[in-house]
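**Student:** Before anything else, here's the structure in question.
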Amino acid sequence: MKLTKTNLDGVVIVEPNVFGDHRGWFMETYNEANLLEAGINIKFVQDNQSFSAAKGTLRGLHYQLEPKAQTKLVRCTRGAIYDVAVDIRKGSPTYGQWFGIDLTEQNKKQLLIPKGFAHGFMTITENVEVQYKVDELYAPECDRGIIWNDPIIGIKWPMDIKPILSEKDEKAPVLKDAENNFSYEE
Ligand SMILES: Cc1cn([C@H]2C[C@H](O)[C@@H](COP(=O)(O)OP(=O)(O)O[C@H]3O[C@H](C)C(=O)[C@H](O)[C@H]3O)O2)c(=O)[nH]c1=O
């Protein structure tokens, strides 16, 4: 397994070892001991999976408030997405900054996103399946959002389009208005 740091402290690209042979391939998509060896101690408690039919679907930017903030380990198992993490940890030197990466069925890359980050992705193919592990159970009362195109955050999404959004995501606030919610201090 290869871990690569990003510009955001704690956001890490995870690349499992892939064992190919004449039948196809095998990989361990998650191994607690390997992450622990790298100093990453997470107890995941829930697995999620979403399907997005259309290219240009955008889910996010989402986070759960403390005490239900979630660490996420995200991968794309069908098609391809542009996955984004935004630092919303008050006091962080990279507060409001973002990191994005292509996660695809082909590249088998994963993104580890710690608590204190908002998360979202845009599908760059049709028929996308995303699977991710979280270390806190879903808590709808703590579920919050930030608008995908907040001009202050300035995420450079891969397609210059009006994405397909949920009603909730259509109405999400900008970071400035959302930040009164944040209790997560780095
Ligand atoms: C997240 C979640 C949702 N739900 C239910 C609530 C709704 O009835 C339905 C769809 O939820 P939502 O529209 O919030 O789903 P997404 O827009 O894919 O949200 C997710 O997408 C972004 C990328 C994330 O990082 C979050 O994990 C998550 O917020 O599933 C559950 O029952 N359990 C859950 O853990």
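We number each residue from 1, going along the chain as drawn.
Using the three backbone atoms N, Cα and C, a Cβ is placed for every residue, glycine included.
All annotation found in TrEMBL is predicted automatically rather than curated by experts.
In case it helps, TrEMBL gives these features for our protein:
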type	residues	note
ACT_SITE	His62	active site, proton acceptor
ACT_SITE	Tyr132	active site, proton donor
**Student:** Using the alpha carbons only, what distance in Å do you get between the residue listed as 'active site, proton acceptor' and the residue listed as 'active site, proton donor' once rounded?
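**Tutor:** The residue listed as 'active site, proton donor' has its Cα 14 Å from the Cα of the residue listed as 'active site, proton acceptor'.
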**Student:** Could you work out which of the active-site residues (His62, Tyr132) has its C-beta surrounded by the smallest number of other C-beta atoms within 10 A?
**Tutor:** His62
**Student:** According to DSSP, folded down to helix, strand and coil, what is the residue listed as 'active site, proton donor'?
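**Tutor:** DSSP assigns the residue listed as 'active site, proton donor' to strand.
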**Student:** Tell me whether His62 (active site, proton acceptor) sits in a helix, a strand or coil according to DSSP.
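**Tutor:** Note: His62 (active site, proton acceptor) is in a strand by DSSP.
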